Structure formats: C-alpha cells, structure tokens
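The structure appears right after this line, and notes come after that.
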Amino acid sequence: MNKRSGTIVIVQAQKKNSSTSTRSDPEILSKEERKKLQETSFHRWLESKRQEQIQKRQEQEESQRLAAEEEMVKKETAKLSYALWKHKKDQERKANEMRQRQMKEEQEQQKRVKQQQSKERVSQWMRSSKVKPRPFPSNLGLQSLQGNQPKGFFNPHPWVDPV
C-alpha cells in the first residue's frame, strides 16, 4: 500500500462514513420526527382519553342527577297523591259524621214527637175517662147492679189456730 492508496482508503472510508452519516442524518431526523410524532400522537391520545373520562364522568353525574330528579318527582307525586287521598278521606269522614249526626237528630226529633203525642193522648184519655161510664162486671150477674159489690168468694169456715 502506498501512501496514495492509504489516503484513498481513508477518503473512501470518510466518504463512506459521511455518506452513512448523511444517510443516517435523514434517518435520525426521521427517527426524531417519528419520536416527536409518537409523542404528539401519544399526547393527543392521552388528551382524548382525558376528554373521554371527563365526558364519562359528566354523563354519570348527569344520569345521577336525572335519577335523583326522577326520585324526587316520584316522592313529590307520592306526597301529592297521599295528600289528595287524605283530603278525600277527611271529606268522606266529615260527610259521614254529618250524616250520622243528622240521623241521630232526626231520631231524637222523632222520639220527642212520639213522647209529645203520647202525653197528649194520655191527657186526652184522662179528660175523657172521667166522663165515660164505668164498665160493669158481667161475671157477677144481678149483683153487679148493686152499689156495694160483695166479694166473689169467702170461706164459710173461719181459720182456726192449730196451737
């Protein structure tokens, strides 16, 4: 090997290295670009996942809020229907009590009227009985026409004490 051939080999090696380095520079750049691309795509994916989680959490909160509202509406509806039912039952109870009270008053009024009529009939009978002739007993025969009426039966033997 001569000097010249040694220098050629070195030059060729340098060219080779430079050519590989020039070739590797775009590869390095593309690797760096790929790395940046991967990082940006990873960050985009990470951001999309974060957005999905936020959206999922918001949907869960919304569904929980809606469920709570539905539950509250059900409770309010139940309270309202209970209040209406209770009001209806109170009205029925009051109407029933009023009806019972009226029936009792009517019965008492009928009882008072009946007692009044009975008293009037008794007083009328007392007034008219003084004037009416007395009935005479038909079982005594002619003795019933006498003023002093004898007893129907008397014992002809007086009672004797056994001692």
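Positions of Cβ are set from backbone N, Cα and C atoms, glycine also.
Since this is a predicted model, take the numbers as computed values, not measurements.
Pulled from TrEMBL:
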- 14-23: compositional bias 'Polar residues' (COMPBIAS)
- 24-70: compositional bias 'Basic and acidic residues' (COMPBIAS)
- 89-122: compositional bias 'Basic and acidic residues' (COMPBIAS)
- 140-149: compositional bias 'Polar residues' (COMPBIAS)
- 14-159: domain 'Coiled-coil' (DOMAIN)
- 1-70: region 'Disordered' (REGION)
- 85-163: region 'Disordered' (REGION)
Chain residues outside the compositional bias 'Basic and acidic residues' (89-122) and at least six past its termini with a C-beta under 8 angstroms from it | none
Averaged over the domain 'Coiled-coil' (14-159), what pLDDT does the prediction give?
-> 85
